[in-house]
Amino acid sequence: MSTQIDHLMNESRKFAPSAEFAAAAVASADLYESANANRDDFWATQARELLHWHTPFEQVLDWSNPPFATWFADGELNVAYNCLDRHVEAGNGDRTALLWEGENGDERQVTYAELTDEVSRVAHVLEDLGISVNDRVAIYLPMIPEAIVAMLAVARIGAVHSVVFGGFSADSLRARIDDAGAKVVITADGGYRKGKVSALKPAVDMALADRGNGVQETVENVLVVRRGGNEVEWQEGRDLWWHDVVPAASAAHTAKAFPAENPLFILYTSGTTGKPKGIVHTSGGYLTQAAFTHRNVFDLKPESDVYWCTADVGWITGHSYVTYGPLANGATQVIYEGTPDSPHPGRWWEIVEKYRVTTLYTAPTAIRSFMKIGRHIPQKFDLSSLRLLGSVGEPINPEAWMWYRSVIGADLAPIVDTWWQTETGAIMISALPGVTETKPGSAQVAVPGVAIEVVNEAGETVANGDGGLLVVTEPWPSMLRGIWGDPDRFVETYWEKFAAQGYYFAGDGARRDEDGDIWLLGRVDDVMNVSGHRLSTAEIESALVAHEATAEAAVVGASDEATGQAVVAFVCIKESHKDVLKDTDALVKNLRTWVGEQIGPIARPRDIYIVTELPKTRSGKIMRRLLRDVAEGREVGDTTTLADTMVMSTIQSKVTGKK
Ligand code: WTA
């Protein structure tokens, strides 16, 4: 971490917005002024201006029972109506909402009018299946228009979606279905990934079969989109083809109003324990901040922009900046099903050229992998339509930022580095394009209406130039309302550390530079960030330990040039299974596959070291800090608190022997 800080300390380049960009910018410095004058009034104004309220609200923030907030609680709205019908009613029904590109070259363009009809039909189908207000629907789909349609259809009838990333395994899906008690699962036969069809339906079948876990089955129906064309098994009575039931349903569906605090979705994310947390977001406040930030941070001109956020709807970025923010704002956006390098390494840039994308929002890990392949690939394409670039998910190192700016943005397009989390629901820290002078590597300033501090362990604000922990000091509209079914964990995880001050603890380290700008320094807890995806060390450890040969396991996140961090595991084998040690290569391969099956391919460790013992303190706590030193090839730090100081040298020789 310290080398990173030193490195960042030396970064002093600044880029002012061009006069031309500034003159036409959506955002203005006035936003800060009005937010500072009265935060609640500011958000109330945004909520009224950006959204349609069936029943206008009088109440803004209720913070009388912290940390449980409500926003606009006496107001009523329909989230799907805000994303669809009202644009059609305003005469924009013919505007393209989605420009979809399948990995295999399939294309579909969907207007706002068509999207409204399709969502209405699916809303009827779900109602016919018995789904109503507050029921949970799991969505496990590839990046196809139906993913967005499904989310909006659930929202339209006041139900709650839980989108599960298509890369998660059957076991992960099952855990999420059970935790939320989903009644319906919406999936596809398969989708295109890396040049071939990757099946999804079998994972759903597995998640719902052989339920020896004592949990009552809640799923009554599975709605299946045909996309991959692959063979699937069918359970009569439970499974329904989307193409059989959706086109037959009526496109006339009245969007009823629901209270602003009606839950909109649950999204599971990794925490510091083995069990993922079901983050709960509600409707009015969430949509207000998603729409506000999407408009101002991405300088949205809905009539002329072609916006492209490369995130999958399985992550929060896909919720707020593919589905809800852009559609609430009437944007035209690109959706791409596949991987960036299928069938060729220039695929993304080909898409930018083809659709004349103006705004690109992606993750540093993608930028770094393009950097590695070389600028000659993007330079083959016409990227002149790009006028704004965004980054999210992990700290962007200044080199990647500069490459993004010069190679992709032609040294003209402003870059917004946006810090936020599944829990915050929407962007919290970012430059405002056209307003803020940007700095490579710094997320910079809280967005208007959001209050951020960097504090020390005692909760005191640090001086400019110093580092500490990132906190949010005031409630914000899109804040998580809790963890599904676990209010205690919600309070403990986010609010206990700075209970005296009433601050939200984000779990990130940060520092302020001499100008007061914020630089994010990565997680300070046992959460890893691999290619912008959150993974928990505890979750991977428990997957490893669930393998019959494993006695004990420790997992650390080691810094990795391409993926930010990489998963590195240290595993001890049971005495009773020591036969497997005869072929460690096979064992390691087997364990990697196992983790992939238990959680999903993204969680597979980059390296697995088979060791005889783990470094532990006298009280039995695994010292991951030392393992991280080994994994990152550093000299091992202070080992004096270890119960057995020899353990580390044995591990070290094992690891270096291997490399
Ligand atoms: C990290 C993704 C530095 C951070 C939207 C946070 C970032 C976690 C940035 C949340 C950024 C996200 N700079 N770090 N611009 N954006 N992070 O829940 O550690 O998947 O806590 O939400 O990603 O990840 P999540």
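Every residue, even glycine, has its Cβ placed from backbone N, Cα and C.
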Going by the ATP site in TrEMBL, where Gly393, Glu394, Pro395, Asp417, Thr418, Trp419, Trp420, Gln421, Thr422, Arg523, Arg534 are listed, which of the candidates Asp382, Asp508, Asp513, Asp515 is also part of it?
Asp508
Other C-beta atoms that fall within 10 angstroms of the C-beta of Thr317 (CoA binding site):
24
For Gly195 (CoA binding site), the one of Arg523, Val545, His547 that lies nearest, given that the binding-site residues are compared by Cα:
His547
Could you list, ordered by sequence, which of these recorded positions: Arg193, Lys194, Pro395, Val545, His547, Lys621, have a Cβ under 6 Å from ligand 1?
Pro395
Largest pairwise Cα distance, Å, within the listed ATP binders Gly393, Glu394, Pro395, Asp417, Thr418, Trp419, Trp420, Gln421, Thr422, Asp508, Arg523, Arg534?
18
Extent of the CoA binding site in Å [max Cα distance among Arg193, Lys194, Gly195, Lys196, Thr317, Ser531]:
25
Average pLDDT across the domain 'AMP-dependent synthetase/ligase' (90-484), rounded to a whole number:
96
Local backbone state of His547 (Mg(2+) binding site), from DSSP in three classes:
coil
Using Cα coordinates, what distance in whole Å links Lys194 (CoA binding site) and Gly393 (ATP binding site)?
22
